[in-house]
Each structure stands twice: as C-alpha cells, then as structure tokens.
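Undergrad: Please see the structure below; I have some questions.
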Number of protein chains: 2
Amino acid sequence: MAKTKGPSRPKAQTPKGFRDYFGAEVSARRAMLDKIAEVYHRYGFDALETSAVETVEALGKFLPDVDRPNEGVFAWQEDDDWLALRYDLTAPLARVAAQYRQDLPTPYRRFAMGPVWRNEKPGPGRFRQFYQCDADTVGAASVAADAEICAMLADALEAVGIARGDYVIRVNNRKVLNGVMEVAGILDPADPSRFEAERGIVLRAIDKLDRLGVDGVRALLGEGRKDESGDFTKGAGLDETKIAHILKFAEASKAVDTLINDLEGAIEEVFDASFEDLSSFQKAVRVSYEKRNEKPQTGNHARSIAALDVLGELIETSEEGQSGLDELAQIVDLLYAQGYGPDRIVIDPSVVRGLGYYTGPVFEAELTFEILDEKGRPRQFGSVAGGGRYDDLVKRFTGQTVPATGVSIGVDRLLAALDAKGKGPGRAQGPVVVTVMDRTKMADYMALVNELRQAGIRAEMYLGNPKNFGNQLKYADKRESPVAIIMGEDEAARGVVQVKDLILGAQIAADASVEEWKSQTQQVEVPRADMVATVREILARYA
Amino acid sequence: MAKTKGPSRPKAQTPKGFRDYFGAEVSARRAMLDKIAEVYHRYGFDALETSAVETVEALGKFLPDVDRPNEGVFAWQEDDDWLALRYDLTAPLARVAAQYRQDLPTPYRRFAMGPVWRNEKPGPGRFRQFYQCDADTVGAASVAADAEICAMLADALEAVGIARGDYVIRVNNRKVLNGVMEVAGILDPADPSRFEAERGIVLRAIDKLDRLGVDGVRALLGEGRKDESGDFTKGAGLDETKIAHILKFAEASKAVDTLINDLEGAIEEVFDASFEDLSSFQKAVRVSYEKRNEKPQTGNHARSIAALDVLGELIETSEEGQSGLDELAQIVDLLYAQGYGPDRIVIDPSVVRGLGYYTGPVFEAELTFEILDEKGRPRQFGSVAGGGRYDDLVKRFTGQTVPATGVSIGVDRLLAALDAKGKGPGRAQGPVVVTVMDRTKMADYMALVNELRQAGIRAEMYLGNPKNFGNQLKYADKRESPVAIIMGEDEAARGVVQVKDLILGAQIAADASVEEWKSQTQQVEVPRADMVATVREILARYA
C-alpha cells in the first residue's frame, strides 16, 4: 500500500506484550506488596531500590532465552555504553553488593520490589513487563540462610491470603544435579569449564519437562528438537548412556512416587520387618519415626526422605552431589524443627529453575489448589515464587566468592491466584458525586465537594458538560457512586441540598428526568449544614 | 591502551546519571506516595499504571531537550517498532484516554505514580530516572477542573508535611502568552502552524529566564546564544520590536512588583482618591475591596490583580489572550472562594512551563522557605510540582479535541524538601539480633528468632561466620540493633537466654570479649519463655 502524504496519526496502543492496569488492579497489587514488605521487614530485610536501567555488562546474560534478541533483554547503545532494562532484581543486587561492599553490613539482607522487563515473544497472557518482589541474603554461606528464606516465603504467602494447605514449597539443590552430570560424564570437577554449553542445554531441557514431556527432553539432550512451528532447537549432543542417566534425574519425581506408593501400601511392614531387610528409604522412614516418636512418616515427610534416597543413588560417589544432599537434609530438618513442616516444605527432585546462576539449594512455591483454565478444565495453579543460592554472581565483579541466596515472588501470578480464590480486588465504592444544576453556581458546588473531601469522604463535582442531567446520572452510575448531591436554584435559595442514595436508587433508569428523579423516596432534603452527616449515614449503611 | 586478552570483570557501577536508594530512603518515598495517593483518591481520582515502555510514536516528542539524542528520550528499535521509556506520565495517559475512550468515564480522573526516564546530560544532582506522581482530569473543559487540581495539589503538599505558608501555587495561562505572541506578530490566529518553530524557541527561552537572565533570553529571541562551554544555540531570529514585546512579557513579574510597591506605599490613596484618577490596577484593588468589604488587598491578592492588569496591557486586543485572562480570573476566584486563598494561590506571569503541549492554565507549586545550597548560601527551595491544561494531546490520536488538565509532583525534590525541613527519614530502629554461640544449635537459634518474628518483632539470626563473637557485635552495631539475644551451651542447658540492651550498652567497645560483655548490667538473664516479653519491654523504652 502506498503511503499517504502528510503526518498520519499515531496509534493509541500499548506496545506488543505490554498492558495497562486500572483502579482496583493497581491498589490490589499495592496492598499485596505492602503485606509482603511487612513480612520481609520483620525478618530483618532492608529495602533497596535500584534503577530500571543497568549497563549490559553489569547485568550479565543469565536468561534462558538464548534465541531471543539480546538474549531476552531490552538493550540499546548510549554513547559508549550498552544499557539495558533489568530482567530481574537479582543481577542488580549483585552489582550493588559489589559496588557498596565496604559500607553494607555482612550478611546483607535486602528486599526489593518493582517491575522487570523481558524481551520474550509476546503471547496470550505473557507480558514483557511484570512485577517481582524479592528478598535475598548476601554474604551468608550457611544453609540456615536458605532455610530462613523458605520460612519467610511461607509467611509471606500466608500474609497475602494464601491459606496453609493451599501451597507447598518444593526444595532441591543444584549440586545434586551437578553430581548427576558428573556421573553422566559432562561435569569434570577438575575443570568445570568443560562441557559448560552442554550443561546449560541440559538444565534448560530438564526445566521444560512439564511442557515438552520426556521425548522432548530426550531430543534436546541428543541432537535437537523441532517444535510445532518447525523451529529447530539444537540439542546437547549427548550419547545414549549419558541421556539415560540425565533422564533418570529428570524422572526422579516419578521414582519418588513409586517409593511412596510402595510405602503406603505396606506401612506396617516397615515397622514389623527386620531392619536389614528394608530398602534404604524404608530404613530412613523407620529411623525418622523412632527418633521423633511420631506417627509413621507418610505424605510430604516421606516424600522428602524418598527424594534423598532416589537422588542418593543417582549421584553415586560425586562429592558435590553428596554435599548437595547433605544441605537438602539440613534445610528440611531446620525448617521442620521450627514448625515449617511437611505440610509446607518438601524435597522435590523436579525443581531445577531455569536461570543459569544458581549454585546450591533451589526452591519453588507452588499453589496446590485447582483452577479452571481458559477451556474450563481444572488444572493446578502452579508456581508463584522461586529462588535459590547463587554464590558466584557477586564474584563476577570482585573476583571473590560471595555466598548469596534469595527468593523472587511473581507478584502478578500471585494476584491472579488470589483472584481465582475469590480474594481479588472487589468492586470499590465510587465517590460521592455533586451534580451541577446551575452553571453560575460553580463556586457553590465546589464548596460542597470541598466540604465532603475535608470530612474525609471521597467526592467529586461533575466536571463534564452539565447541560444534560441524565448524563450526570449516567456518569455517577459508571463511577459506582453511592450518593449524589443535588442543589438547584430553589434549593440554593432555601439553603438545602438533596441527598440521593444511589445504591437504593439503582433501579431508576439512567435517563430519568430530573422530576422523576426527585420524586423518589431514596432522596432526602436536608439543610446544607447537615449534608456531611447525612452522607456519612448513607455510606455507613453500605460499609 | 591495548586490550588484555580474556574476559575482563564487569564494572560494578550504576550507569551514568542513575542511582540506588537504600532502606529508609525507599520507605520514606513509599510513605510520601501513599499520603499523596490518599488525597488524590479522596478527590475521586482512580489509579492507573501503564508500563514503562511505549512506542515512540505514541509518546510523541514534547521534551524541551531538542539537542539531546532522541530528543531526550531513551529509545531503541524492536522488530519494526521504535520503543522508548516514558519521559513523563502525561503522554501515556493521553494514549490510554484514546485507546480506552469507549470504556472510561467522562470526565476521567486518574492518578499515577512511578519512575520516568530522561536522557539528559548527567550532572551533579541530575538523575535520568526520577519519580513522578500525577493526577489528571481528561474530558473536562471547565476551568473548575483546573481549579480543582490546584486545590488538590495544596492538600497533597500539606498531607506530606509541607506547612501552609511554606508553599505557594503560582498560576498563569498559556493563552496569555499566545496573546502576547499574537501582538508581537509571531502567532497568526488564522494559520496557527506559521512561526511554530519560533514560538517553541520563545517558550523555552522564557522558561530559562531565571538561569540565563534577560540578556541570555534576548540572545535566544534574536540570533542565538553561545554558552560558557562555547556551544551555540540557534535563536528565534526575531527583530528588535518583536523581541522588545516578548521581553515585556518575560519581565512582567518585575512590572507586577513595581505596581505592588507603589500600592503598598500609598494604600490610602487608592481609597481616598477620585476613582477616575486611579490606574486600572488601583481601580481593581478598590473594587475588590468594596465587593468583599475586606481589608485592603495587599500581598498575593493584590499580586494576582496586578498580574491581570500587567498582562492585560500586553495582550492588547488578542481574543485568545483575553480568554486566557478571563480563565485566570475565574480560577483564582473559585479557589479564593473555597478558602484556597492568596496565602496559597497567586497569579504569576513568570510561570510558563517548559513542555510544549500546554494550551491553557499552567501552574507550579513553589516552596518558599530557604535552604542552604552546597556552598552554605541561603536560597529558595523552588518548584516541586507543576502542570496545566493540554487540550490537544489526545487529539494527536483521535483527531478530536479532548480537554485535559493535570499536575505532576516531583517526588524526589519534594522528599529533598522535607529532608531540608528536618522531616526526612529518621534513623530506623534495626532488628533484634540473635547471636550464634554454638554452631550445633542452629535450629535452636532459628527457633528463638522465629518466636520473636511471630510476635511481630523485627528480628534476625546472625548468619555470618559465628567464630568471632566480636564480629557479631559489630554487625549488631552496624544494623543499629536495639537488643541482642545470647544463648551459649550453659544457658541452653539451663533453659535461659541473655537479653542485652544494646542502646544502653552502646558505649561498650565492639571488640569486647564475651566475658566483659556479659558482665554489664544492661544485660539480663531470663527464662526462655520470657524472652519475647523482656524484649518488648526494652523496645518500649525507646519507642
């Protein structure tokens, strides 16, 4: 099509993949962030707000979207620097921890909340700007720091209204995966830089197990995979033996399920049989039972023990793998001992996290209740938060290892979850509307609305064209106003106003004439001096 | 310098012109935004949050920084689109008003708060990301809408802690300036597109009067101006007559001062002399006095009348100029009638606002108290908010004029102002620190800290290397902890903890040995069950 001459009008559109948030959506998010901040603060975390823009070199490239422009980051050149929008709140924290390392306390606990940007392929429900709400501890090597983050995450979820039982925090450890890769021959402890690219592909492939299925992951571990659109993703090029071992890890959750099913089928056996005849898993369950003198360990407690058992076999003699298992056991022990029990915390081998920078414990908070998808089919809500330990992110800047661990809550997903549970933003009450009957009395109408506002009542004067009174009523209706104030020439002369209960009067057609409107009993005439008290009375009815 | 081989370490630095905000700085801003939002909401404004990224075409180019890359905007190409970071919250509102015009109420009152980005030359104290907090009414042509914004701005400033008397809202009208330009011959009402470039230069030149002085503005109105660095800015190329008329407008404030000085020197004359002998200004003051039967109008009330008088002479017979003057008079009348009097609102010809999109009333909130500058010299704090009417911004998209008016509060400047008034963020109380005496008791220390947190007390367990107890005390000191909890093997065996008042104990050197530490009387031993109550008691002493 030939371009027409002259400047054309700009399109009034959000860029692809971005959206706007209105009224109650904004305040519901604000309220949620405030509640989470309160929990983070109580745990001793201090607020930090970095700018949206960082240098590309400071951010580093850790997103899994290697096939996107700038590897998934919005970036541009500015004089000699490449600048970019932050894609998470962790990379900027690493920069801050290095930049201010002389001044910050060690360990440094900080929380941050704000939007992040990812240059993802836009798609339905996928947005390129979204909120995160993070808390991290920098400078603490102890697994107690990881455990603390998990406990705090549980408290934060409950603070915003996710009931206990409606969520579970799944914990795993990257060192275990590294142990598995060592056994598979794609990690050489003597030279960790070998096979780095292959391990990246393996990590991202396992993280996609849910979406791609075993065959998809197998293809990515081998030569590669063609998706439905025909796009080809290069694989890690591993041989069959290596693939088989990695797949055992990818499917460890299934192995856990099998153990649990066996256990639950014959829980008595575990306690009646001779100790030597038991599997390592059954032994662990029995020891745990005898140590605590509690009920037989089933459910998530047994699941955690089973996970340690299954993973233990996959790491064989890998030292790193063993250290990962020990950390997992410690974290869960610390949490269970404090009452963050198996109803909330479970070891789960399926958690790997897609980001490349994790080095130790990783965790995800999953909501366990079902919602209906777009097609009305029930499905689990899924993950709303995740995090883990990343001991090398600060080292990028300083050359010295600085242990760090943290969590990021996906604010928008969590809001969607609350919405699905019927705890989303309700219909907010609109403002009182002072209608305009007489254009020459603008100062008087403003005085009325001012009086209401100074009394703390949300109020507006109608500011559109006052000629058509019906439009003013339509406006009040659209604003969900509980009350309208009416003062014509006659009322003004007598020093009174009409106070109209619009909630009671909702049945009146929006195009009713002024006369009809006035004849309704939901309307009272009061002296001007009583206006505020009368409005308060009506608002109290609907509070 | 030759580049060394191998990847070098990234620099841990914020990009030029960006900064980080820590702890109390973040929460002070949050608290201020919450207070402003409360006022905006009470006035009937609804929250809106748009994304940081817009298309360049939707944003338009209205910044005065025409000599900067992308005219002062951070922009980059993305597939076929040019995207940019928003430079204010008004341009995105215009896009929203056009995009959702079928669904939004008319008028649409909305507020928005968040960062904006400007690609300005970095300099001391000039940041390229800063917060704005805006409220706008879209779809209301009435000056009552402008007056409402001014009243709300006054309420917002007082809500955050700026006392009445410490600020004034200065009001002017772009139509008056247009009238002046019409008289000067650079605005042709029959063809507004003529001289558009010249008028842009005039506008920016007048806006810089404070900084450049009369000679600098005169140069910009004529051939151009070379600044100290030798950079040349092209001028509007006006002839002497035109320049002289525009300079009369630029210096109208001085003319107002002269009138006021004359008036205050001879206030009796105004009331004793024959009416015909008075100047138009003196007549207006006398009429106003007689109408209201008040004290003789001096101060800001007389200043507003004088401004109307001075501007009236500059616009001669311009219709647009006259309409601007009428609006100014109406706005001030509406506000004064509601109690937003001359102590808070004044007409001031020096207010023009740098942005290109204003079409009617413009206003600025100025803080009138003095602060000390970097060199210790007193100066007025200056402007913290501004806005005005922009009837054509939505028209860019739709082709139809949509009247709109609004205000933007410069959040960071307002925070700096509160700081200067001693109302900035105080030193926040740090968390209770549970020290670690025995590495094998991590679960017990976590249980202690958990107990404190569940009781709503901000608390931390020391997560650094616990070997050196002195470091733990240094940490508590850096965190400004009010209380430390100590539980060694002995205390644990006896079921007690040591509760240490660190504020009383501040004089103890941070490197004191554990023995010295324990001998202090500021420390009490209590049963574990009494820990929370004891901590509460100590915290209450310093609340």
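Positions of Cβ are set from backbone N, Cα and C atoms, glycine also.
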Undergrad: Among A:Arg101, A:Arg118, A:Arg126, A:Arg344, find me the residue TrEMBL lists at the same L-histidine site as A:Asp88, A:Leu89, A:Thr90, A:Gln132, A:Asp136, A:Arg353, A:Tyr357, A:Tyr358.
TA: A:Arg118
Undergrad: If you pair up every Cα among A:Asp88, A:Leu89, A:Thr90, A:Arg118, A:Gln132, A:Asp136, A:Arg353, A:Tyr357, A:Tyr358, the residues annotated as binding L-histidine, what's the maximum separation in angstrom, rounded to an integer?
TA: 21
Undergrad: Within 10 Å of the Cβ of A:Arg353 (L-histidine binding site), how many other Cβ atoms are there?
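TA: Here the count is 21.
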Undergrad: According to DSSP, does A:Gln132 (L-histidine binding site) fall in a helix, a strand, or coil?
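TA: Strand, per DSSP.
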Undergrad: Could you check the binding-site residues A:Thr90, A:Gln132 and say which one's CB has the fewest neighbouring CB atoms inside 10 Å?
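TA: Among the binding-site residues A:Thr90, A:Gln132, the lowest count of other Cβ atoms within 10 Å belongs to A:Gln132.
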Undergrad: What mean pLDDT score does the domain 'Aminoacyl-transfer RNA synthetases class-II family profile' (A:17-431) have in the model?
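TA: For the domain 'Aminoacyl-transfer RNA synthetases class-II family profile' (A:17-431), the model's average pLDDT rounds to 90.
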